[in-house]
Every structure is written in structure tokens, then in C-alpha cells.
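K.L.:
Pulled these from TrEMBL:
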type     : residues               : note
ACT_SITE : Glu435                 : active site, proton acceptor
BINDING  : His434, His438, Glu457 : Zn(2+) binding site
DOMAIN   : 129-322                : domain 'Aminopeptidase N-like N-terminal'
DOMAIN   : 359-587                : domain 'Peptidase M1 membrane alanine aminopeptidase'
DOMAIN   : 666-968                : domain 'ERAP1-like C-terminal'
SITE     : Tyr520                 : site 'Transition state stabilizer'
TRANSMEM : 46-68                  : transmembrane segment
Amino acid sequence: MKNYNNMETGYINEGGQLKSKNGQKYVVNQYCRNPEPGYYISKSCAAVYIILFLVMMILTALMTYLLLVPSCALDNSSNGTIYTGSIWSPISNHEEEAHTNGDGVLSDQAKNDDPIVIEDEIEFPEGWKPIHYDLLLEPHIENATSRGTVDILMLRDENVKDLKPIVLDITEIEITDCKVASNDRNDIDLGLDYICEYGKDNDSYVINLKKTKFPINNVTVQLEFVSKLGSTLTGFYKGSFMNEETKETSTFVSTQFSPIDARRAFPCLDRPYAKATFKISMIRPTAKKLSISNMPIESIEVVRPGFIRENFKVTPKMSTYLVAFHISDLKMGKTIENDSSLPTIKMYAQPEYENMTNFAFNLTVESLKFFEKYFDIKFQLPKIDMVAVPDFGFNGMENWGLITFRESALLAPENTNKSSSIAHLQRISRTLVHEVAHQWFGNLVTMQWYDDLWLKEGFSTYLHYVGTDAIKPEWDYFKTITVYEFNQAMPKDCDSSSRPISFKVRTKSDIRRVFDPISYSKGALIINMMRGFLGEAAFRLGLTNYLRKFEYGNAVQDELWEAMTMNARKERVLDESYSVKEIMDSWTVDSAGFPVVTVSRNGTNIILKQQRYFLPHVNESDDTKWFIPLTYSSSRRVAESEIPEHWMSNKQSEIILEDMVSEDEWIHFNVNRTGYYRVNYDQLSWKNLLRNFKSLSDVTRAQLIDDSFALARANLTNYDVPITFGIFLRAYPLDYLSWWSFANGLEYVTNMIRREPAYENFRTVVRYSVKNAYEELGFDEDPEDTDIDLLHRARIVNMACQFGIDRCTVKAQLMFREWIANKVENKIAPNLKATIYCITLREGGSQEWNFAFKQYQETTSASEKEVLLDALGCTQEPWLLSKYLNMTISSDSSIRKQDGSRVFASVAKNIVGTELAFDFLYTNIGEIAEYFGDGFSTISKMIDSVTTFMNKDYHKENFQRFAEKANKLGLIAIEKSIKLAEIEIDKNIFWRNHLYTQLKDNLDKAVVDLRLTN
């Protein structure tokens, strides 16, 4: 019952009067009030009361009928047809009978008046499993619906004795007809009795079967339904783009079912373990040029003038999240057919982009060949389509046989030297090779449940390094895992919010949250560690055996450990007293986080201690321990293998290695950074490593720099160590990995002191460090530059301009203004665009901003659009930043939904824009949540970026008010993100209160010792 003392309009009821919150009163029905004693009523009031009484009686009768009549009649009949209007126009005037849920509420009318919702745990229905789906769909874009039928062959689980109901997952689907037929005996009509009804909150559809005198083991569920075409880039969704060939807006429909959105398109058991085969058919207008799904087209038939039905071949056994279909006017770019050694490969993009698919096409061909050889298992489907979807939430999605991409993650202009940066080409590789690797790890063998999501995401992340390194040897790509993935994983794995890599996933929000750096990056790094201690041969053989054993099925991590242990025993690379499960469980199940191994000397002996690395400071009472593979190199010994000679078990806090070094010799641990841990050293060991910096490998140098920044942040070493490393780098201007690592380390410190007095000396020291490298490399690219040279120059120029080396900022603005003067030709090198655009907009005003925005609207390069979007957030003009933020939630702006979090982050990470971004998020959180939905963690990314500079108590108080507002709005999907942000703010506050002074003192000393001027 509604409480009228708390009306939404802002009025309260007081003594028969409505009173506004400001105290003004409004009389309610003053003519029905009688001051005289007794009971009196006017004729008009009596009439009103009689009418109300009759209405209530009618409503009561109607509700009784709705509650007592079964929601799915047992004798429904249907001619099996789907009402078909135009796919791009409203449906014909056919009204369907909607089923009701247990409360008599239509599925699209279910309401929850509670402002705060506690999320239910996912239920795991037993008793039935799907074997095959026969699915027919026809989307209607004008009214954002899709009509369809699905026949699901269900097999009863022989291990479950009782006759359980069949439970299917649905989201915003209206079932218009339900039938169940038995497939058990052809000679007898079993005459099944059943009841079909919506489950709790309309999130499921339940078919209750009544027992018969014959066993019920095999049935077909036949459903007719209407689903919604979404606008938040999840499920089966609609979109549009400007077709440059026709100069008209072209509409499309596409899918994004991972992780739990196939249920938005059709009723199904939408769980990775519920694998089945799929026979998919689509009805579309002949005017649309492209219709594709997971498998090739088997047959085409005309359903009415102007419309055809395309029937696709049956898929292999697979999970629902891999089902895909797409209808549009995209054009086919590069293709390969009739090659017996490869499946048919076709690239699709907007007509104006069709010549931008060559780089991705070649990468697809080479990666398929590589992984077939690497696994010794052929790709299982006859074709693979690579589609650049005009509006797409993720970078890529591995749908079996139909891989979909964001345009910038697939397309590269034909003349790559002029139009695509090396960073962009590597990003294409990062996405594309990852998705191709999924065709084996994820598609062929799938994790049983999202507890082990890392089995597919961690492996595909790791394998993309292996594949890309083989395909593009000039990139020396595998080394970069030691910088990039560590920088992704460890900052998210070092505080109270961290989780074990394999943990119990029990809610829908849990499922979306588990797609995080722990599953992807940490997963990749512990796999690389396992490869290191097993050796390449045993590792690869273990993978192949695992894939062959569980192909077309599901697996859990213990089954992978079993395969690995078996091959490790054969290759004799693992101590008989250990198993892979015992080692790896300490990293995946037993604990969150990671260790720091401290190296100290006692004469010629080395003492190693492990403890958990934790922020904001180490917790001495935390006794978490891991199985740690120990590898090392020293002045007297260069490691020849990553297979460890020593182990520290999860029962040991300390071990001693005897006769390892003399006093003046250096030693470092974790060769090639194969182990997922940090290494700290005593003072003498740090000094020896610094003195012998040149003798160390590039990976080791980068590792030392990265570890030193992280250790200083946890107060495990002093900030003079990373500062000294930075100064040492002056002598190594071409050390690509070390400078990358140094730039990463500077980022957090920069954010924390950007508004503090120490920033002046900090900037001075960084300028001093980077000046030599900037003068060595300069702005101008050399024809002889390697790809790594181009990447390195881009980073050095960015650092020089960011920290205000005058020649850099002036040069950047000059080049941008030359572009303004000559719009026809942009002479800015692709590798330097990100820096030059941002610096110019930072130093410029509305003229530069408007020019850049117009270029964003007009460019045909998807990657160029992203560079410009990032740069537009660099301006120092608050009104431009506010204007830019408002564009993210306007459907009339040219900012696509896929780019909402990118635009927001560009403002939030701008020291001038950060307060504006937070105010925008706080003020508009309800509208933002409705506009973007929760499928791609857009709001979570916004929350993460908005805390970049928050390191004071008042920041925490303001954020808590935001958290309270989000809580009142019932935004469950961002609850975890809010908690993570609160922890991050606490860590920042602790750093500022406890470590800022130490850093300031070190910077002051460096300025004096080096005789630097600001």
C-alpha cells in the first residue's frame, strides 16, 4: 500500500490538507467536510463513493479470474506461423495473447516499488538439458521487437530421479504460445499434461510436466515469443550508420550474447554448461544485402514478396553465448574461399571501410594457421566471418564462425605507414588474435561455469602473445607481457577488494564483474608462469591433450591440472612430490593477491622471504603463502632456463640459498619475469643492481623499475630507488621496455601530486630524466625506424610534452596549426597524433577544439576517431568539457554509446575536468544508467576513472554521497564498482598522508644534488 505521507510529488497529508514541503497548504475536497456533529454526506460525494465501490468490485472479479485461470492453456493450438510485417517497419495489426506470471502481471508490466533491490542468487535447475534448438527469428526494427519460434529438444537427466520442471532463461521476452510434445514413443500419444508460466520476476519460463504412466525422458518444447531489440548494445540489438554509398541512414541488427544475454533474444538455458546444437533461420527483406550467422547458409526460400527466409546449417555443439546473427548493408572486403587448408574467411565493414580490412585479414589467416599447428587441432567450422559492427560495446566477441568487432579493433587504413600507428596495429592484433584463440579455448572447450572464466579469458590473453610473436617477429611482442599485463593485473590484485582468480559466481552482477583484469591479465600471467616451470614441450602437449579430451564439452580447472601433471611426469620436469594442482591452487583458489619475495644477504648466502603485497600498506598479520618458482641470474651465473631450480612452498615463509654471491656481485630473481610476484632487495643488492644496470637484460631492467615504484608505494622501499632508476635511464635513451615501465610508474605519482607543491620538483626531475631521450629521438620519424623505434619515440615525445619541455609543446602546436591551415592533408605522423592532438587542445581554446570535433565527425578512420575523442577531453576550458560530457547521454550527438566511457574518462583524467566529471556523474547517474544499461560496465569504467585524483577526506565524503544516491536508485550492477572506488580513494588518502612527504624530500634532494632549476 502506498504511503501518502511520503508522496513523490513532494506534498504531505496533514489533517485533510495537502501541504508542500515549503509549508503551503492545499485543501482536499473541502465540500465533503461538515463541521456539524453526526454523519452527513453530499449527493456528489455519495455518487463518487458508489462509483468507486462498483469499480473495486469489477477489479476484484478481474483479478480473481487472472489468478485462478492457468497462464498457459493445455489445449492451445497453433498453425505454426509467425506474423510477419516488414523487418524495417511496424508489425501488421496482429494482436497476440500475452501470458501472465504468477501474480497476474504481464511480463512487460512487472514492477517493484522497493527503491533498493537485493539481488537474488542464480538458481541451477536440474533434471533436463537441451540437445538442439530450432530457432526462427524475424526482427522488426521500427518498433524494436523481434518475433520468433523456437523448438527445443530436451533430454531428461537420468541422474535426477524426480520429474523436475523445465526451466528456461528469459529477459524481457513475452511468450505467446507454449506446447510440449513427447519424443519417447512414436506408437503412443502420451497426452502430456503441462502448465507453462513465468517464473519469479519474469526472469525465467517454467514448464511443469505432470507424470504419465509412461516415462518422460525426451520432449520438444515449442514456443512462440516476442523479444525486444535493445538499444544498449546487448542481446539482439538495433543500430544504424550513415551509408556513404546511398547517402542515407542504414539500419542493422546484431548480437552480443556474452555473457548472459542470449536470453534477451530467445528462450533458452543460457548457461555455458548447457551446450547444444543450433539450427538458425532468419527472415529478412531482400533489400538488405547481408545476413550471416555462425554457419553457412543451407537454403533460401521466399516467404512473401520482398522477404526471404535464410536457413543456416546446424552448428556444432556449443554454448548459447556463442550464438550470433547479423543483418545489415555492410560490404564484404577481403576474402578467401576454396582453400582446402583454411576455412572460408570473409571480412565485413561499412562500404567506405571495405578497403581497410587487409591487415586484419592477413592476421586472421596467419593466426588460424598458427593455432592449428600449435594445438595440432584443426579449426572446426567451414567458415569464419570477421565483422566490423558500426556500434559495438566490446573490442571483440568470439562467436563461433562469426567474430564481431568494434570498428577500431578490426579496421586499419590501407596505407598503414601513413594512416595507422603501430600502437593501433598492435591493438588490432591484441583483439583479433585473442578472439581467434578463443575458437579453441572457450568455443571448442568451455568452462563449466563462470567460476573458471579465466580458463578461456586468461588462456586467450596469453595465447595472443604467443601467436602475435610468431606472426609479427619484428615486434618482439612476447616480451611486452612482462610490462603490459603486470600493469593491468597487479594494481587490481593488491588490496581488500581482490578475489581469488577462481571463485564462486552466484549472481548476474557477479558474472559481469568477473570479466576483469584478474580473469584476463592475472590469468595470462599465471599461465605463463606454469609454462615456465613445466617447460614449453610439456606445456603444449598438456594443452593439446586437454582440448582433445574435452572437445565440444565443458571442463573445470582441476581437469586442466590433471592433464598438465600427467605430461609433466612424462617429461620429468616436475618434482614427484608436487602436482600442478597443488602448485596452481595456491594461485587460483586458496588466496587472492600475490607475494613479494624479499632478497637479503648474509655473507655469501641469500635469504628469501615471502609475504603478501598489500596496499595501502603491508599487513604483517597476513600469513598467506604461495608455491613460488624461484629462478635467478647473477654475476657468476646466467639462467639458461625458466624451469626453477628452487621452490618456496606454501608452507614456507623463508628459505636460505647457500653460497650464492660475494659482497660486490649482483643477483636478481624471477628470470624473464615469468613468476607472478614482485621482488624486493636489501640496500646492498639494490646498489649492486644499479651499478650493473647495463649488464641486465631489457626485461630485467623494466622489471626492476616497475617493482621499485610498487614497493615504494607500499612503503617497502624508499622512493629514492625508482627516482634513481629514472635518472639512470638518461644513459639508456633507446631502452624501449624500461622507458615504458618508467612511464607506467610515474602515472600514479603524477596523479597524486598534480595539485601539490612537490609537483614542481617532480616535473623538474622527470624533465631531466627524459631530456636526453627526447633529444636523441626528436619528433621526426626516420625511414629506417623499426616498429619498436616508432613506438618508443611516441612514448618519449608524450612524456616530454606532458611534463612541459618547451620545445616539445611548441612543436606540437605548430604541427596542429599547420593542419588547421591545410585541412586537406594531415602531415602529423600517426604514431604522434595522440600526443600532438592532446597537447594542442590543452594549450588552445575553442577554435582548436571545434576543429578537432569536426574532424572526428568527418574522418573515416575508426582509430582516428578514438584518438580525437581522447584529445577532446584534454582542453582546459570547463565549458567545453561540460558540453563534451553532456554529449555522452544525448542520442542526437555524434558520440556513439560504445564510446561513452572513453569520453568520460578523457575528462575525468584531466586535472581541470575531474571535478566536472564527478558532478556530471552524480547529477545524472539515473539517466546514465538508463541510457547505457549494464552490459558493458560503462558506468563502472566511469566510476573507476573519476577517482583518479581523489586523495583527500572531502573527496571521500563527496563520493559517499554519490554511493548513497546510487544505492537509493537500486543500481545493483555498480555496487561492486562503488566499493572498489571507495577502497581506491582510501588508498590514495593513505598515500598522501604517509608517503607524500617522503617523496617530496627525495625530490628536493635530487634537485639539489643534480643542481637542477625549475
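Glycine is no exception: its Cβ is also placed from the backbone N, Cα and C atoms.
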K.L.:
I need the CA-to-CA distance for Tyr520 (site 'Transition state stabilizer') versus Glu457 (Zn(2+) binding site), whole Å please.
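P.N.:
Taking the Cα atoms only, Tyr520 (site 'Transition state stabilizer') lies 5 Å from Glu457 (Zn(2+) binding site).
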K.L.:
Given Glu457 (Zn(2+) binding site) and Glu435 (active site, proton acceptor), what distance in Å do their CA atoms have, once rounded to a whole number?
P.N.:
10
K.L.:
So if I draw a 10 Å sphere around the Cβ of His438 (Zn(2+) binding site), how many other Cβ atoms end up inside it?
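P.N.:
Result for His438 (Zn(2+) binding site): 25 neighbouring Cβ atoms inside 10 Å.
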K.L.:
Within 10 angstroms of the C-beta of Tyr520 (site 'Transition state stabilizer'), what count of other C-beta atoms is obtained when all protein chains are considered?
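P.N.:
Excluding its own Cβ, Tyr520 (site 'Transition state stabilizer') sees 21 Cβ atoms within 10 Å.
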K.L.:
Near His434 (Zn(2+) binding site), which residues of its chain come within a Cβ-Cβ distance under 8 Å, counting only those 6 or more away in sequence?
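P.N.:
Spatial neighbours, sequence-distant, of His434 (Zn(2+) binding site): Gly396, Ser460, Thr461, Leu463, His464.
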K.L.:
Other Cβ atoms within 10 Å is the metric here; tell me which of the recorded positions Glu435, Glu457 scores highest.
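P.N.:
In terms of Cβ crowding, the pick is Glu435.
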K.L.:
To test your reading of the Zn(2+) site: which residues beyond His434, His438, Glu457, same chain only, put their Cβ within 8 Å of the Cβ centroid of those residues?
P.N.:
Glu398, Glu435, Ala437, Phe441, Gly442, Lys456, Phe459, Ser460, Thr461, Leu463, His464, Tyr520
K.L.:
Averaged over the domain 'Aminopeptidase N-like N-terminal' (129-322), what pLDDT does the predicted model reach?
P.N.:
94
